[in-house]
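Colleague: Before we start, here is the structure in question, set down as structure tokens.
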Amino acid sequence: MPFFIKSKRKQSKSKTKNQRPQVSLSGEPSKRKRKKLRLQNEEIESESEIESDDGNRKADVVTSSDEEETAQEKKLRLAKEYLSNLEQEEADKREEDEIHRDIISHRLKQDLLEQSGKLQKLVADEYEEPSLDDLIVLRGHQLSVTCTVISPDKRHVFSGSKDCSIIKWDAVGGRRLHTIQGGRKGTEDTHTGHTDHVLCLAMSSDGKFLASGGRNKFVLLWNPDTCQLLHKFTGHRDAISGLAFRIGSHQLFSASHDRSVKIWNVDELAYIETLFGHSDAITGIDSLFRDRAITSGGRDASIRIWKVVEESQLVFNGDPGSIDCIAFINESNFVSGSDNNSLSVWSLMKKKPLVTVRNAHQGHDQNGNSSPRTNWITAVAALHNTDLLASGSKDGCIKLWKTSKNYTVLQPLFSIPMVGFVNSLVFSVDGQTLVAGIGQEHKLGRWWRIKEAKNGTRIIKLKKKEA
């Protein structure tokens, strides 16, 4: 009995080692078998220990090699990369500084030339003649369009008309966005808009204010975004014929048929002063960066530059006739158009024009007779600080002109077909758009009527030639 219990213990012990030893008939393995099994187990354990030791040794070797590379080669490599990055950053910084300095220097030179009136970018030869696809027609006014203005961002165009209304247009899509309706005469105290012909529009260079004037003798100030009336300036005794904001400020100049120029502070909604000098109704006005304005005096055949700070004026005398439109080219040069169909370019340094083109808009009168006085120059425009000019009449086209570098030569570039009176012309700031106001009648009267003309605004996209 005791012997049986002992054989069971040894049997269970052998099972734990996953071995099934041979047993004798009595239930106990033989001594030779037990010894062999013990030797095999010892060999297996020793091999596994050796393998584990080898693995540890290999890991130790790898770890030691990594530590050796991190301490020496890796540190050296990182140091070289750091120095290389520093050198690259310094080189980029020097290059950026040089580019930045060049940009600032170029901008300062341009500003200096612009303020002195000597900046002239020769861009006229880069333009190509527009096609019909480059023309957008905006129809909405019932009577002749007399004035137009384009916002500084080129997104909106405003037009005024003899129907006493002002319309805000989407310059890209050609949609009407808002209409400031005109009112009947005698309702000036109750109506928020104009009650007579709208003759002039002007927008500040930052696009925050829109000013309008007309035959009802006052200047209205609007919010261009909402088309809400902000203020009414009163003081002129006759029709408002021209408006101009000084670029970079909210100083507003207004010209009138009462032969005076008034200056307004739009920020303070206040009147500043009145300038006198013309002996006939003022027909046009313009202003640039300096605190001065230029006006055309109609039938007194004079042009005056008003120096506000110096409290003085420069007088330029033209040919007999009426100088109907005026525009600054830069601070030292300007262009004018007359009712004798002549186009002139002037300089501050001379009292007479540098160049005059006679019969600039050729055409015939209603009886088919050729006459220089038939086609009055009704509108002029200049792309500021460039050699590109534009003029309009009633001869069925808008003409673009190129001036020479010294402004002594005026050459025609091309003509844009346009039926009707070209009562207004204005370039966008970047020179990519020309906006024209077209009517069946002249903006100041009813001397002629072109029945086939369509009252409205034209947006002309100006494209440059491909290189």
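These residue numbers are counts, starting from 1, taken along the chain as shown.
Using N, Cα and C of the backbone, Cβ positions are placed for all residues, glycine too.
According to TrEMBL, the record shows the following:
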COMPBIAS  1-18  compositional bias 'Basic residues'
COMPBIAS  42-53  compositional bias 'Acidic residues'
REGION    1-74  region 'Disordered'
REPEAT    138-179  repeat 'WD'
REPEAT    191-232  repeat 'WD'
REPEAT    233-274  repeat 'WD'
REPEAT    275-316  repeat 'WD'
REPEAT    316-356  repeat 'WD'
REPEAT    370-411  repeat 'WD'
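For each feature listed, report its degree of burial, its nearest neighbours and the pertinent distances within the displayed model.
Modeller: With helix defined as DSSP H, G or I and strand as E or B, the repeat 'WD' (138-179) counts 0 helix, 22 strand, 20 coil.
Counting same-chain residues at least six beyond the ends of the repeat 'WD' (191-232), those with a Cβ under 8 angstroms from any Cβ of the stretch are 146-153, 156, 158-162, 164-166, 168, 178, 180-185, 238-245, 247-250, 252, 254, 256, 264, 266, 269, 443-444.
Long-range contacts of the repeat 'WD' (233-274) within the same chain, counting only residues at least 6 positions beyond its ends with a Cβ under 8 Å from a Cβ of the stretch, are 197, 199-205, 208-209, 211-221, 280-291, 293, 295, 297, 306, 308.
On the 0 to 100 pLDDT scale, the repeat 'WD' (275-316) averages 94 in this prediction.
Here the repeat 'WD' (370-411) has, by DSSP, the following mix of helix, strand and coil residues: 0 helix, 20 strand, 22 coil.
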Colleague: I need to check the long-range neighbours of the repeat 'WD' (275-316): which residues 6 or more away from its ends have a CB within less than 8 Å of a CB in the stretch?
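Modeller: Distant Cβ neighbours of the repeat 'WD' (275-316) are 114-115, 238, 241-248, 251, 253-263, 322-328, 330-331, 334, 336, 346, 348, 351-352, 384, 444.
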Colleague: Where else in the chain does the repeat 'WD' (370-411) make close Cβ contacts, counting only residues six or more beyond its ends and a cut-off under 8 Å?
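Modeller: Long-range Cβ neighbours of the repeat 'WD' (370-411): 114, 119-125, 127, 288, 324-330, 333-343, 345, 347, 354-355, 357-364, 417-427, 429, 431, 434, 436-437, 442-443, 448, 450, 460.
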Colleague: Quickly jot the same-chain residues contacting the repeat 'WD' (138-179) by Cβ under 8 Å, restricted to those at least six beyond its ends, or write none.
Modeller: 193-203, 205-207, 210, 212, 214, 222, 224, 227, 420-421, 423-424, 426, 428-430, 432-433, 435-443, 454-459
Colleague: In the repeat 'WD' (233-274), how many residues does DSSP put in helix, strand and coil?
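Modeller: Split into helix, strand and coil, the repeat 'WD' (233-274) gives 0 helix, 24 strand, 18 coil.
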Colleague: Can you count helix, strand and coil residues in the repeat 'WD' (316-356) using DSSP?
Modeller: 0 helix, 21 strand, 20 coil
Colleague: Helix, strand, coil: count each for the residues of the repeat 'WD' (191-232), based on DSSP.
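Modeller: Residue counts in helix, strand and coil order: 0 helix, 21 strand, 21 coil.
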